[in-house]
Every structure is written in C-alpha cells, then in structure tokens.
Amino acid sequence: MMPPNEQESSFPKTPSANRHETSPVQENRFSSPSHVNPCLDDDNDHDGPSHQSRQSSVLRQSLRPIILKFEELTYSIKSQTGKGSYWFGSQEPKPNRLVLKCVSGIVKPGELLAMLGPSGSGKTTLVTALAGRLQGKLSGTVSYNGEPFTSSVKRKTGFVTQDDVLYPHLTVMETLTYTALLRLPKELTRKEKLEQVEMVVSDLGLTRCCNSVIGGGLIRGISGGERKRVSIGQEMLVNPSLLLLDEPTSGLDSTTAARIVATLRSLARGGRTVVTTIHQPSSRLYRMFDKVLVLSEGCPIYSGDSGRVMEYFGSIGYQPGSSFVNPADFVLDLANGITSDTKQYDQIETNGRLDRLEEQNSVKQSLISSYKKNLYPPLKEEVSRTFPQDQTNARLRKKAITNRWPTSWWMQFSVLLKRGLKERSHESFSGLRIFMVMSVSLLSGLLWWHSRVAHLQDQVGLLFFFSIFWGFFPLFNAIFTFPQERPMLIKERSSGIYRLSSYYIARTVGDLPMELILPTIFVTITYWMGGLKPSLTTFIMTLMIVLYNVLVAQGVGLALGAILMDAKKAATLSSVLMLVFLLAGGYYIQHIPGFIAWLKYVSFSHYCYKLLVGVQYTWDEVYECGSGLHCSVMDYEGIKNLRIGNMMWDVLALAVMLLLYRVLAYLALRNL
C-alpha cells in the first residue's frame, strides 16, 4: 500500500485537549505527614498540628506549577568518520546527523506526557534536553513558565535517568535520608526532613524493603522495580514541580511497570508536570497517559491527547489491521514506516527488501507531512500563548537567585562525609587490605631483622622501600576514586544538590582514616623489627614523613583519575610514572646524566627518601666501612649523592606537590 495522499484532515485541530480536567494546585499527597514508616525510630514522630502545618506550608510553597514549552527543537551530533579516512584521504568527514528535527510541544501541570518511538528516534535526547542536561548546541527554545532554564528551575526539576545511579551498600532508608538532608530546604529541621522520607517511603510502597541494601553488580539487593521507585523517591523528596523520566519501565515486568506508571500518574494529579519516555507500553499503561508525543527518526508524527491518536491516524488514511490492537503498538509500527497491509518480513525475499525500505520511508515522510499540516499549526499557536505562570515567574526567579543552594556548605560537607564513610565502610579496612599490609610489614621486618648501622646499605634500602611502597599503594588506590564516582557526581551536580568543593573535601577527608591508619601500623611494625634508630623522636619523625608521602601520592592518584576518568588508562599511566619515580629516586642510580637529572626533582619519592635518611642519621655518626675502619655515614656514596642539607626545602617541595595535585584534581572535576 502506498501512503495516502497528503490531505487536510477532518481531525480537530486541538489534539492537546486533556481528557482529565485536573486543577494544577490540587492538594499534594506528599505535603501532609499522614503516613508513618515503622522503619524509623519513635523519636522522629511528628509533634502535632502546628508542626504539621509548618512543614506542609514549606513544602507547598516549594511546589510551584510549571508549564513546560518546547518549540522547534533541533539537535545534531557529529558523525564519526571511518578509520583511516584522514590518513589516506579516501573519505571526507560525514555531515552531522540530526537527532531531533523541529520538535515542539507543551505540557501543563496535572498532565502526564509519554514520548513514544522506536530505538534511536531521539526520545532520550529530547527528555535530556528538557531537563537542561544535554551537552552541545541545541537550537530552538525551551521555557519553564516562560523563562529559560535557571538554577531555580533546576531545583524544582526532578530527572530520573534510565540507569538507576545509586550507592549499592546503602539501604533504601539511608539513601533517601541522605538525599533529604542534602536537598530539602534549610528552613526544615532534621526531624521534619526525616518525616518527609517516611511519607515518600510509604507512598511509593517501599516500606517492606526500607532496611534492605540497594545492591548492584555482585551485591544482592532489592528488585529492579524497587530500585526504580527509590530513584523516583529521591526526586519526589524535593517536591518537584517538573518531573522527567527516561524509560522508567525498562527491564521491568508488566505488573511492576504498571505500578510505576500509576505512581507517575498520581504524581501528575498532584499538580506536577510529568514527562516520561517509554519504549513499548502495554495497552494498560497507554491508557494512563494524558498526552503522547510520537517520534520517528527525530521528527514528530503525532503530538496530542492519547485518547485521540487512533482517530487522528484514521482520519489521514491509516487504520489498524485489527480492532483489538494496542494503540502503542500501532503508532510504533507507523513510526517505523509499517502499515497494516505492509508485507510481513518473512514473506519478503531478499530482492524485495529495497522496495520495502522505500515504502517505509515513504510512509514516514507522509506522516511527517501530515503532522506539519494538521497538528503543528494549532500546537504552535498554543505554545505561543501566554499563561498566568509566565507573568509571575520573573519575580519568583529573582527571589530565588539568593538561594542557589538548598543547604549550607557545612551541612553539605557533613552529610557527604557521613554518607561516604557509610558507603565505603566495607572497603576501608577490608580483611584483604589489612592482610596485605600486615603481611608486607612482617615480611619486611623479618628480612631486615635487627639490621645495624654497620650494614648501612641494608638500612638505606629499607628507608627507600618505605618511600616506594607507600607511594605505590595509596596512588593506585586513589586513581579509582573519581572514575567510580563519576556517574553519581554527574547526576547530583546536574541536580544542583551541593557545591563541588563540599563534595571534594568530604571525599578526601573521608579517605584519610583508611589512608593513614594502615601506614601507621606498617611503620610501627617494620621500624622496630628492622633495627632502625631506637629513638622515639626519630620514629615519630619517620612516621610523619611516611604519612606526608602518602598524602602526596594520594593526590597524584586523585589527579590522574579525575583528569583521565578512565581507571584502566590511569592505572597504566600511574605504572609508568611510578617506575620513573622509582628509578630517579636516588637509590638505584646515584649519577644521573645531567640532561635527565631533572626527573628526580619532580619525584615525590626522591624527597621522601631524602627526608627519611636525613632524620635517621646525623653528621657525626659513623659506620664500619672496612676491617677496623670507620667512616662517616654522610660520606657513604648512596647518602652523599643525595646532598642532604636543609631539609625544609624538601618539606616545602612536598607541600607544593600536595597542594598542586589536589588543585589539579579539583579543576578536572569542574570540567565534568
């Protein structure tokens, strides 16, 4: 069948009329603490009507209806050229590929809009653009109550990605509690924030699993549907006016998917604007949508009331093959260019595939043309119309400029520190890590058992081992920090939850117990077993130098991980870097050629080694350098070439490295 001729449809030109008349300011079911979660302690119960009204007023104040408009959105990405094309000049760079092509729409408070389309049609790109998180240049306009995307709009917007980015070792209650402490306004007390967590847990049906860990990977935890509800709950805690979700039912069974969509519908009925992408909804799910936007290769072919989609396509000549067809399946077939009388795939021979593709492309072009003729003019008129929210939003936006962050810097730091310690408690002092450090320390102590100054080369080797081992170990632990945290950091910073500085300092401070206690145990065991100078002062100074070296090495690892954001690449570069520091440290090679001698001045192991030797030996100390001969320790070739003098310069050099590498890591994170 050839596509119907493009004709003026008798379909009414107001397809966006909502079949559910819902006031955008209905009472918010999350605004009154009517549900109590038994998972929390009795101390967190509410205190009475005055307390309830105060909390309710703050949360109701935060729920400001948002009318979302987007007009003629166009977005393109660069097409990658085949390998070798630039080397041999056989191919020219491919033109940019259009992902979105003149997409328009409007969603009002109380409405649930579903974006439908086959894979690669641009659904995720569109919802990401509407959430203000799309990288690159987007042409067209997106407005929120007539204003562009601002920090105040960001704080009123919830965005749930397709992949649930959650900490696997935290429980459901802990996850939502930390989110509430970070995202809810500082006008609420801690007790009131915990009560908001109770209500969200109860209303999303998470009471049964509130004390279960999230899980993920090899960690057994809650189900996929429960994980998705936790992700939605994180956004619902802030009582968003606009909620956007990317395929929230992906990978879920039909019952769980229906429960998720029913939750979204009830949230929309509370006066919110809800937009979601969905891949292949059942007829039961489809009936829950107020509006649908159907995309085909980035172009809209329908935008309007979900209950009138069959009527519209029938009016332009496209009828389903059966009267009992799922509307979602029907429109997805049309988006792929497949009509009811298109030949079945198994009936098409190889030589007929080209004709089939041409027919499908013809159907798509016909649908796009019909949309532009019949649906786009009234939609454009509605998008251009001014609503009351557009007139009042400027005043609210000016007021919100002074409150960019929901909580203070110290509150963000303390909550992030507690959350980080809780999440990483399983690895901070894991049995495997303790076993490794204890094994190496005991083995080192036995190998250097009660060494004497007479065996000066052995003692100097032990000091160099201190600097190298506690350079490698913290560096390789640190390079995985930010690559592993990257998805969570991007998600939370995109939502404007906290300052990067509070996260960065909390993350580095939280690692200090793990990074400093283990080397302290190591040095304590190895120092006394190895027969180094039996002086408490010298021991403490040796320990301080090793810990200083650990902090510098950790900074190098953090910088490499933050800059590369690829653990494998960072580990490879770290191996090469530490090998250079090892060779240029001053132990293996005392006479480095002048043209490459500068390497030792960028090696933190070199400065650590010099400091360890400097505090271990004095100028008047001697050792047995031959039969009956005693020589000054400082005249020993391996020590003499270190040129030990004023050790404050070495301390200063390490301080510069300590500061420089951590600043580099911070700047790299700002560019995420």
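Any Cβ shown, glycine's included, is placed from N, Cα and C.
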*Can you dig out which of the ranges 282-302, 429-449 Swiss-Prot describes as transmembrane segment?*
429-449
_Non-local residues, at least 6 beyond the ends, that sit with Cβ under 8 Å of the transmembrane segment (512-532)_ = 424, 427-429, 433-434, 437-438, 440-442, 444-446, 448-452, 459, 462-463, 466, 469-470, 473-474, 477, 538-539, 542-543, 546-547, 550-551, 554, 616
*Find, for the listed binding-site residues Gly117, Pro118, Gly120, Gly122, the residue with the lowest Cβ contact count at a 10 Å cut-off, counting only other Cβ atoms.*
Gly120
_Should anything in the same chain at least six residues away from the transmembrane segment (460-480) have a Cβ under 8 Å from its Cβ atoms, list it; otherwise answer none._
440, 444, 448, 451, 511, 515, 519, 522-523, 526, 530, 532, 542, 546, 549-551, 553-558, 560-561, 567, 570-571, 574, 578, 581-582, 585, 587, 604-605, 608-609, 612-613, 616, 636, 638-639
*Going along the chain, which residues six or more apart from Thr124 (ATP binding site) have their CB under 8 A from its CB?*
Gln162, Asp246, Glu247, Thr277
*CB neighbours of Lys123 (ATP binding site) within 10 A?*
25
*Note the Cβ centroid of Gly117, Pro118, Ser119, Gly120, Ser121, Gly122, Lys123, Thr124, the recorded ATP site, then list each other residue of that chain whose Cβ lies within 8 Å of it, in sequence.*
Leu295, Gly298
*Which listed residue (Ser119, Ser121) has most other Cβ within 10 Å, given these are binding-site residues*: Ser121
